[in-house]
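Participant: Before we start, here is the structure in question, set down as structure tokens.
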Amino acid sequence: MRDPIETVMNLVPMVVEQTNRGERAYDIFSRLLKERIIFVNGPVEDGMSMLVCAQLLFLEAENPKKEINMYINSPGGVVTSGMAIYDTMQFIRPPVSTLCMGQAASMGSLLLTAGATGHRYALPNARIMVHQPSGGFQGQASDIERHAQDIIKMKRRLNEIYVKHTGRDYDTIERTLDRDHFMTAQEALEFGLIDKVVEVRDVSADESK
């Protein structure tokens, strides 16, 4: 059975742009990157994380002051891969606007709430899910104990990040993330994960850019 992601990538449309040097063809994602749009789509893993971080760093080099727009539709994934994206978002100089379309679960929700304050959005039918990290280990008892200690430290660190970006107190975050907690876009707004639920694009904001 073919990899569904590979199948989708083979169907990525090309767009043709007219320039004074003639025509130039781009795949649709490269063309959107020119508009400072990045997609975080699908499971968060090392390969995807590397590409997203590279795009963030490239856009910073292109213009260190102009906003970057990150569109998120992700079920989450590997914590360390997501943290690489998170740290890069905080590290670069341009503000990163985030928008959830579809879902932002697990690490996807952390990346959504990590956007620049006032610029974290969700479409009306988006779903957001937060929870504590999970994992499984096997081996010697002492190694299992060390892994357990490490994931507890990671849980604490993730809770602190949600506290920072939502304004909620630590105990509230810990209780909310104890089990899978699903939210509508409106509930995510009330919780502090996002700043606005958007139904249509703000045309006036686009015209002012």
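The backbone N, Cα and C atoms fix where each Cβ goes, glycine too.
Feature table excerpt (Swiss-Prot):
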ACT_SITE  Ser106  active site, nucleophile
ACT_SITE  His131  active site
Participant: Between Ser106 (active site, nucleophile) and His131 (active site), find the distance joining the two CA atoms and give it rounded to the nearest Å.
Facilitator: 6
Participant: Out of Ser106, His131, which of the active-site residues is least crowded by other Cβ atoms within 10 Å?
Facilitator: His131
